[in-house]
């Protein structure tokens, strides 16, 4: 019955599709953000690896290595999502319906088969997780550089490079998420309430299924 309902909703949405709908806008925005993230993260990881190569005794070497690796992983995930058939669309739906697996389901109008794979959903959530992790690393890097007594030394190129890379990525992360949030059909309180509601429903659903299996 649930798949039939989703198929019916897919038919209605296809007949009354509106290019100005939030999901279409967010899909386009996500596509642009992924391309920009791919380019910037590749450039940042290359810059970080170059700084590590040119200066073996670089200060904050572990942060440089971590930032380089995480930026490279993020660029790879961006590329894979862009190449996937429904990659940007699934990412847009995750932004629209956070932590709600049932709202991510799409059903084929011809076969009644679910057309969105679990792999794509996991891939998009992994991208969001890595993007947030890189943002946290960038924030820690800024704090580390500002707390570094050698930061005042003009010859300390490593701290300056790390600060520049961190600020650039933080700007990318904040601006991209801000643009997406401005196009969501929720205000901040509604969005937070929606997230909490979906998490509670998911926990209840999993608990109910586990109870049935045990009993």
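The chain as shown is numbered from 1 upward.
From the backbone N, Cα and C atoms, a Cβ is placed for every residue, glycine too.
Fair warning: this is a prediction, and the values are worked out from it, not measured in the lab.
When TrEMBL is compared with the stretches 86-109, 158-181, the one noted as transmembrane segment is 158-181. According to TrEMBL, the feature transmembrane segment maps to residues 32-56, out of the candidate ranges 7-31, 32-56. The list of residues near the transmembrane segment (158-181) in space but at least 6 beyond its ends in sequence, with Cβ under 8 angstroms from a Cβ of it, reads 26, 29-30, 33, 36-37, 40-41, 44, 47-48, 51, 55, 58-60, 63-64, 67, 71, 95, 131, 134-135, 137-139, 141-142, 144-146, 148, 150-151, 191.
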